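Chemist: Okay, so Swiss-Prot annotates it like this:
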TRANSMEM  2-22  transmembrane segment
TRANSMEM  50-70  transmembrane segment
TRANSMEM  82-102  transmembrane segment
TRANSMEM  104-124  transmembrane segment
TRANSMEM  139-159  transmembrane segment
TRANSMEM  217-237  transmembrane segment
TRANSMEM  243-263  transmembrane segment
TRANSMEM  289-309  transmembrane segment
TRANSMEM  326-346  transmembrane segment
TRANSMEM  356-376  transmembrane segment
TRANSMEM  380-400  transmembrane segment
TRANSMEM  417-437  transmembrane segment
Amino acid sequence: MAVALLFILVIGMMIVGVPIAISLGLSSILFLLWHSDASLASVAQTLFNAFAGHYTLLAIPFFILASTFMSTGGVAKRIIRFAIAMVGWFRGGLAIASVVACMMFAALSGSSPATVVAIGSIVIAGMVKNGYSKEFAAGVICNAGTLGILIPPSIVMVVYSAATNVSVGRMFLGGVVPGLLAGLMLIIAIYITARIKNLPKQPFVGWKEALKAAKEASWGLLLVVIILGGIYGGIFTPTEAAAVAAVYSFFIANFIYRDMGPFADKTNTKPVLVKVVETFVHKDTKATLYDAGKLTIMLMFIIANALILKHVLTEERIPQMITESMLSAGLGPITFLIVVNLILLVGGQFMEPSGLLVIVAPLVFPIAIALGIDPIHLGIMMVVNMEIGMITPPVGLNLFVTSGVAKMSMMNVVKAALPWVGVMFLFLIIVTYVPWVSTWLPTLLMGPEIITR
């Protein structure tokens with residue numbers, strides 16, 4: 001009964017418009033004061049232990065910073081040019097190229113909203129200019145942008161790993177095949193639609209242009225090799241990889257592509273050495289750091305408050321009670337996965353993915369292990385649910401971002417995204433009930449998962 005009161009408090013605060021993070025934290029603290037023997041001092045200790053013990057969480061601000069430099073520094077337009085050169089000549093080629101571009105940018109950013117902004121701000125206008133409807137373009141980008149949290153490196157995967165003590169490296173590998181499969185399913189759906197509606201296709205630009213586009217995009221795409229190669233080559237940890245990614249992104253944006261900073265100013269005739277020094281204090285660098293800082297603070301504030309709720313649930317032994325009741329009821333793996341999907345699909349409509357994972361993952365993880373479900377399989381399934389949550393109202397973040405980028409009303413974006421959500425639901429069913437899609441690559445490259453019960 002007391003736990004029901006806690007969730008009523010959380011949901012009630014959200015309904016009256018209290019920000020999600022404050023709803024989680026304030027309701028948990030009020031519950032502690034009224035119904036629990038735990039003290040507020042224990043909350044502070046739990047928060048300290050959570051952040052001190054999860055070195056992995058340090059990767060989040062660095063991945064966000066890398067993503068911001070990549071978005072600002074002209075990487076997106078070079079990736080789009082490369083994607084159009086490769087697949088633009090198919091029927092519906094611009095839409096297909098936008099999905100390919102989202103997949104490639106997802107491998108650099110780890111963030112869905114960043115992918116929508118970076119790719120959508122360029123591609124949507126281009127698609128409309130070439131005969132596509134704005135609704136079609138917005139729907140494709142809104143859904144393809146969700147690949148930002150599925151294709152590694154992914155900020156949401158880092159949060160899941162921190163919440164469940166699962167290897168980040170395994171999670172990243174687990175997202176490769178599902179990410180490619182999701183992109184392929186969207187591409188097939190677009191191609192079929194393009195054939196039916198006779199959508200336009202671009203002329204083949206020739207291999208010379210394709211190679212030139214590949215060369216220009218290679219500096220940005222090399223970041224994927226550095227991150228994943230460094231992690232699986234044992235050169236650095238995921239957190240160190242994130243820091244390297246941030247530095248590399250800064251270097252590429254300022255000194256190679258020269259789309260920001262003093263080198264972007266063609267009228268600046270100062271010596272090269274002076275420009276290099278100015279880069280570190282230039283207004284573009286400051287603006288990028290500010291944007292990354294704002295996003296990091298917002299995300300970490302949500303995670304911190306979600307950790308308070310997690311602490312309360314742990315103090316009240318809720319995970320153990322749920323595990324015992326489900327197992328005693330004879331709940332099998334298939335039924336359990338259906339229940340988890342339903343919880344996440346509903347929760348994902350109202351909460352930011354990272355905060356929801358911090359709360360739900362520790363609750364369902366012990367049950368999954370007891371039922372013999374692979375932690376990587378569970379994690380990827382949860383991430384896919386978060387993808388769908390980002391494109392469903394009322395709080396789907398990608399819907400709001402797409403609305404701003406495409407300059408469309410929220411309701412029109414929801415209608416535009418709806419047909420493609422069906423593809424994502426089909427993909428969720430595949431990921432849920434075909435475990436090897438998520439587990440094959442991690443097992444192949446890192447051996448079988450060792451689980452300590």
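A Cβ is built for glycine as well, from the same backbone N, Cα and C atoms used for every other residue.
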Chemist: Assess whether the transmembrane segment (2-22) lies in contact with the transmembrane segment (243-263), where contact requires at least three Cβ pairs under 8 Å among residues 6 or more apart in sequence.
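Modeler: They do not touch: fewer than three Cβ pairs between the two stretches lie under 8 Å.
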Chemist: When each of 104-124, 289-309, 326-346, 356-376, 380-400 is checked against the transmembrane segment (139-159) for Cβ pairs under 8 Å, which one has the most?
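Modeler: Ranked by Cβ pairs under 8 Å, first place goes to 104-124.
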Chemist: Among 289-309, 326-346, 380-400, 417-437, point out the range having the most Cβ pairs under 8 angstroms from the transmembrane segment (104-124).
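Modeler: Most Cβ pairs under 8 Å with the transmembrane segment (104-124) come from 380-400.
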Chemist: Please give the sequence-distant neighbours of the transmembrane segment (380-400): residues at least 6 beyond its ends with Cβ less than 8 Å from one of its Cβ atoms.
Modeler: 112-113, 116, 142-143, 145-147, 149-150, 154, 156-157, 160, 171, 174-175, 178, 182, 337, 340-341, 344-345, 347-353, 356-357, 360-361, 410, 413-414, 417, 420-421, 424-425, 427-428, 431-432, 437-438
Chemist: Looking only at residues six or more beyond either end of the transmembrane segment (356-376), which have a C-beta under 8 A from one in the stretch?
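Modeler: For the transmembrane segment (356-376), the sequence-distant neighbours (Cβ-Cβ under 8 Å, at least 6 residues beyond its ends) are 24, 156, 159-160, 163-164, 166, 170-171, 174, 303, 306-307, 309-310, 313-314, 318-320, 322-323, 326-327, 331-333, 336-337, 340, 343-344, 347-348, 382, 386, 389, 435, 438-439, 442, 449, 451, 453.
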Chemist: Can you name the far-off residues of the same chain, 6+ from the ends of the transmembrane segment (289-309), with a Cβ under 8 Å from a Cβ of it?
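Modeler: Non-local partners: 6, 10, 20-22, 24-25, 27-29, 43, 46-47, 50-51, 57, 60-61, 64-65, 67-68, 155, 159, 352, 354-356, 358-359.
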